[in-house]
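Pulled from TrEMBL:
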BINDING   Gly29, Val30, Gly31, Lys32, Ser33, Thr34, Arg135  ATP binding site
BINDING   Ser33  Mg(2+) binding site
BINDING   Asp51, Arg75, Gly97, Arg154  substrate binding site
Amino acid sequence: MTPSPSPNSSPTAIKSHIDKPIVLVGLMGVGKSTIGRRLASRLGMPFVDSDDEIEAAAGMKVGELFEHYGEDYFRDGERRVIARLIEGPPKVIATGGGAFVQEETRELVLKVATAVWLNADIDVLAERVSRRDTRPLVRDLDPKMVLTELAEKRNPFYSQAPIHVQSGDGAHDETVDRILEALAK
Ligand code: S3P
């Protein structure tokens with residue numbers, strides 16, 4: 001077994017210690033994609049976003065998939081895409097907010113990857129989510145209300161991730177630093 005690098009190790013030292021994919025989970029608006037991309041670049045690892053991969057495979061936006069085929073169809077595609085992404089050389093994977101709630105995906109991620117729960121206050125999430133209208137679960141609804149309900153239902157699942165990191169309304173790089181610290185431990 002490779003010895004753990006010390007908490008203040010450089011990203012390169014941490015990377016040499018990483019032999020599993022890093023999977024970011026958490027509610028929409030928390031910054032999984034932005035933070036994931038930065039984390040991957042700091043670690044010199046590839047980055048993939050499961051929603052982008054679903055859209056590429058389906059040739060359709062997530063919103064259109066929900067609208068034309070329904071949420072169950074989307075979830076099925078999401079499950080298959082994440083199972084594919086998790087294979088191969090380690091990478092950073094940002095997942096859609098509902099992915100880790102699905103039992104099959106959650107069990108797979110917990111078994112073969114390092115899951116990181118990114119969490120933030122509901123007000124921060126609601127403000128970020130209301131900037132875009134691409135998310136079918138909040139379209140035409142009050143984002144704060146939807147996110148409060150989702151947090152209640154989903155936090156028990158997200159909390160099963162071995163690493164929990166709080167993302168404030170400050171710079172995303174601070175959150176990346178916190179993830180790197182947690183990974184080094
Ligand atoms: C969803 C979150 C979205 C996307 C879809 C469903 C959810 O991803 O997968 O709209 O169930 O929370 P983000 O978490 O990247 O917004």
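Please read every residue number as a count from 1 along the shown chain.
Using the three backbone atoms N, Cα and C, a Cβ is placed for every residue, glycine included.
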Give the maximum pairwise CA distance in Å, whole number, for the residues Gly29, Val30, Gly31, Lys32, Ser33, Thr34, Arg135 listed as binding ATP.
16
Looking only at DSSP and grouping its letters into three states, which state does Arg154 (substrate binding site) belong to?
helix
Rounded to an integer, what is the Cα-Cα distance in Å between Arg154 (substrate binding site) and Thr34 (ATP binding site)?
21
Near ligand 1, meaning Cβ under 6 Å from any of its atoms: which of the binding-site residues Val30, Gly31, Thr34, Arg75, Gly97, Arg154 fit that description?
Gly97
Counting only residues 6+ apart in the same chain, whose Cβ is under 8 Å from the Cβ of Asp51 (substrate binding site)?
Ser33, Val62, Ala94, Gly96
Closest of the binding-site residues to Arg75 (substrate binding site), Cα to Cα, picking from Gly31, Thr34, Arg135?
Arg135
For Lys32 (ATP binding site), which of the three DSSP-derived states applies: helix, strand, or coil?
helix
Around the ATP site formed by Gly29, Val30, Gly31, Lys32, Ser33, Thr34, Arg135, which additional residues qualify by having Cβ within 8 Å of the site's Cβ center?
Gly26, Met28, Ile35, Ala94, Leu118, Arg128
Arg75 (substrate binding site): secondary structure state under DSSP, collapsed to three categories:
helix
Cβ atoms within 10 Å, counted per site: which of Lys32, Arg75, Arg135, Arg154 has the most, among these binding-site residues?
Lys32
For Gly97 (substrate binding site), name the DSSP secondary structure in the helix/strand/coil scheme.
coil
Distance check against Gly97 (substrate binding site) for the binding-site residues Gly29, Val30, Lys32, Thr34, keeping those with Cα within 10 Å:
Gly29, Val30, Lys32
Mind giving me a neighbour count for Gly29 (ATP binding site)? Other Cβ atoms within 10 Å of its Cβ, every protein chain shown.
23
